[in-house]
Amino acid sequence: MRSPPRPRRPVPARLVAAAVLLSALAGGAAAGAAIAGDGYGRGRRLYMRNKVLEMFYHAYDNYMTYAFPHDELKPLTKSFTDSLSELGNLNVLNLVVLGNLTEFERGVLWLSENLTFDVDARINLFECNIRLLGGLISGHILAKEHSSHLKDGPYQDQLLHLAENLGSRFLPAFETPTGLPYAWINLKYGVMENETTETSTSGCGSLILEMGALSRLTGDSRYEAAALRALRKLWSMRSSLNLVGTTLDVLTGKWIEYSSGIGAGVDSFYEYLIKAYVLFGSEEYWDMFHSAYLAVQKYFRHGPWYHEADMRTGEATHWQLTSLQAFWPGLQTLLGDVAAANISHREFYNVWQRFGVLPERYLLDFGMLHPTEKYYPLRPEFAESTFYLYQATKDPWYLEVGEAIIGSLNYYTKVDGGFASVRDVSTMKLEDHQHSFFLSETCKYLFLLYDDSFLRNQNYIFTTEGHPLPIRSTWHEIIPTTHVSSNWTFVKDDSQPFRVSALSSQVCPETIFRQSVGSPWESACHVPDVLPTHRCRTDDDCGVEAVSCRRRTCSMAGYCGLWLGVY
């Protein structure tokens, strides 16, 4: 998803500091709430939750001490880097999730007084959208929700004004014959002469959440219209197999790289299709995702793994695991295909246990590390999928997986000046870089795994950069036909919009996709557990597993699963 940035004019420090601040801001409003029990043990859960808090503040405090207001922290030398063309991240958002409204308010005020986008800076549209625009929008929504608790008076929409200013600077990138946006744009001067016309599928197909939300909040339809036009064009370029490639030309609308998978360059395209459906309610997003998901399962999947294939023929091209693929079980869980998600997640966990962390690329056909991509830059995707699977199943095993992740991060990557990336997982030699997404995503998902009070009585979709966007019926063009009354879970009062549950609106592909797909759907044998919580008293309360078609049984702890066999 994140390709190396091209050489560019340095981005002003105030912009990148804003990016780091805003991703921390969404971190803390509910940290003091009660922690539920599920057999894991309340004391153990509280201990792990506090371990994550220590991790976050160790990373955040060191950034504020040694790097603010620059891009990112260099934890080994306790210095900073100004090398990010994507402007870092808005880490101040995490403070809401973690319950620290005082620091959140301080961050909002700093952004309001110091941030400007009228600068001569060449930025990556995709990265700036998911990190900066998404952070501003999410920060605005959270500030509005907590306005009465801010000490310096009511919030005055400062972050929304900044978001609108930034969004308006994105629009020239979409002025192409195809409607597909340039990957790079200058914030002050627009698209520069001789700018590259190559972009990725993620780069032009993962803009709809942030730009759609901006349109809903401001009433200006231009942002959503531009992102949707690009998405529709991209989808029209799919092959007869309903597969897309990895890179393309925005002027000609022709594919450059035909090999594709669910990893880098394509991952968030799939993610944003299903999340746009949940957030905005348009059946168009579901129709696109439905076809794309079927194609992925048919042409990319090999047992628990997903290889890459040629979009034109479906023939395998690269048999490799990439760390970015670890988001896929989380997406499947959101969809409701929990059994398939669990199988892939466990394979990622096996690789994590083998190396201590998740290598950037692992060659499945040779059973070895990629010779040059051996690093682990503190990526969040595996923690994210662990969080989603626990939310869906309440199986305490996923809390134990979280313990392993936290243990590895503290043992291998924690240094006096923060958390350092791993340069080589075979030697665990460190690199002097603490990526902003370690704060905005990795720590956030690990915290929510043990303390989800921020989500209680609230329903959010998380963007690909971990920024929460509330699910509101007022944002739905129509209420999707697959939503039923039981999915309307919470109302604060008559003046506030309904919240729609992201995880309770599960659509089971085992029953939907078996119709007219050309070949039997692999999960046609699926029989759901009696209870949606997967709790049980006897084996009769358990169903049939969706992928292997094996009968699930009831464990001594009272959970349905494949307890009698090897996964």
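Backbone N, Cα and C define each Cβ position, glycine as well.
Here TrEMBL flags 1-31 as signal peptide.
Of all the Cβ atoms in the protein chains shown, 23 others lie within 10 Å of the Cβ of GLU127 (active site, proton donor). For GLU127 (among others), the entry in TrEMBL reads active site, proton donor.
Taken from TrEMBL, the feature active site covers ASP267 (among others).
As annotated by TrEMBL, active site, proton donor applies to GLU360 (among others). Residue environment of GLU360 (active site, proton donor) contains 21 other Cβ atoms, counted within 10 Å of its Cβ in all protein chains.
The feature active site is assigned by TrEMBL to GLU381 (among others). In sequence order, SER323, LEU324, GLN325, ALA326, PHE327, GLY330 constitute the residues six or more apart from GLU381 (active site) in its chain with CB-CB distances below 8 Å.
The feature Ca(2+) binding site is assigned by TrEMBL to THR464.
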To the nearest Å, how far is the Cα of GLU360 (active site, proton donor) from the Cα of ASP267 (active site)? 14
Do you know offhand how many angstrom separate GLU127 (active site, proton donor) and ASP267 (active site) by C-alpha? 14
State the Cα to Cα distance, in Å, between THR464 (Ca(2+) binding site) and ASP267 (active site), rounded to an integer. 9
